[in-house]
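Enquirer: Taken from TrEMBL, the feature region 'Disordered' applies to 13-37, 55-90, 262-284. Positions annotated as compositional bias 'Basic and acidic residues' by TrEMBL: 79-90, 262-271. TrEMBL lists 109-179 with the feature domain 'BTB'.
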Amino acid sequence: MKLVIRCGHHAVRSPPCWKQDTEPGDDGLLSSSPPASLAAGEVEVKKSFIQLNELEPPTGNHDQYDGREAGGTQQDFSNSEREERDGWKEVQPTLRERNALMFNNEQMSDVHFIVGPPGETQRVPAHKYVLAVGSSVFGAMFYGDLAEGESEIHIPDVQPAAFLILLKYMYSDEIELDADTVLATLYAAKKYIVPALAKACVSFLETSLEAKNACVLLSQSRLFEEPDLTQRCWEVIDTQAELALRSDGFCDIDLHTLRDHPAERIPEHSRGPSLPGGAALGHG
């Protein structure tokens, strides 16, 4: 059985399964009557700090603070204000869900990132602790020997959309990928050493791999040092060589990639004047 105790002017919350036998005091707090020998100041301490072994089952449905001060004065809180103040955490039953509420949230944030190249930046609030436990890079940045004391950090080499995907995963374990952001997200995951997100990006690329993007992904897989993705790209090029070599991405393949994978891998029927520009791909 779990108890949530709020000291001071807050009421004591308890599971609704308890029987409704008694009524709370006029001040909204659950406390027993103090001995007559106690002074007034000692009575107030008793009300503010309730010992676990003195708790008795509450009598009514007091799952939320009823807006009363310790002196019994009703405060003027609307339902929306009360929910905004302290109810937003209570409606989420799991730690993951409560943590997810803090994603891209200014509340309690202690660091801000200016993400993106000049002219395309986005300001993103975050919480150092959450980032540090999810990434060794952020851990060293905030709590290491060379920790940065700045409250605003510029990251010009990461796309804002990709950075938000990275943070959302770190806050909630949720990954949302699409074809437009997956490569940028993979870069962010590699930069900040978040292997689970990087693996998800590679899996996404492998499932979306086809002849028209195989050459582009071939170059990118080499840059990101993803040998399994590189192998899959060559397999697609082997089986659909003519379509792959006619794609725009073929002209962007760097020389190092071609040297690492000699022309013997390309089927014989794909060589000759049918290649882009009418040039034949030989063994030299």
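The backbone N, Cα and C atoms fix where each Cβ goes, and this holds for glycine too.
Any TrEMBL annotation is an automated prediction that lacks curation.
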Enquirer: Run through the domain 'BTB' (109-179) and tell me, per DSSP, how many residues are helix, strand and coil.
Expert: 28 helix, 14 strand, 29 coil
Enquirer: Would you report the average pLDDT that the model assigns to the domain 'BTB' (109-179)?
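Expert: Summing pLDDT over the domain 'BTB' (109-179) and dividing by its length gives 94.
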